[in-house]
Amino acid sequence: MTELVQQLLVDDADEELGWQERALCAQTDPESFFPEKGGSTREAKKVCLACEVRSECLEYALANDERFGIWGGLSERERRRLKKAAV
């Protein structure tokens, strides 16, 4: 019984994060999604605009309080503003 419960938990976790396998950023240079301070985010955001899992990515970043990088097409500052506007 315990093995079954553990497998169900693993399956649920895999399903929740399955969108990451379909993310376009997984096929590109991760450095562009985590630019140095003052660096350009243009290329990363361009990739996000064409990505089919953009909304799942943004939801994940907001739910997990991701503080670095471009997630769902938004920078950390843009995500912070979005959270404030939602409250």
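Heads up, the Cβ atoms here are built off N, Cα and C, so glycines get one too.
Here is what Swiss-Prot says about this protein:
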BINDING   Cys25, Cys48, Cys51, Cys57  [4Fe-4S] cluster binding site
DOMAIN    24-81  domain '4Fe-4S Wbl-type'
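Mapped onto this structure are the features recorded in Swiss-Prot.
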| residue | record | DSSP class |
| --- | --- | --- |
| Cys25 | [4Fe-4S] cluster binding site | helix |
| Cys48 | [4Fe-4S] cluster binding site | helix |
| Cys57 | [4Fe-4S] cluster binding site | helix |
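Other than Cys25, Cys48, Cys51, Cys57, the residues of this chain whose Cβ falls within 8 Å of the Cβ centroid of the [4Fe-4S] cluster site are, in sequence order, Ala23, Leu24, Val47, Val53, Arg54, Ile70, Trp71, Gly72, Gly73.
The Cβ of Cys57 ([4Fe-4S] cluster binding site) has 22 neighbouring Cβ atoms from other residues within 10 Å, across all protein chains displayed.
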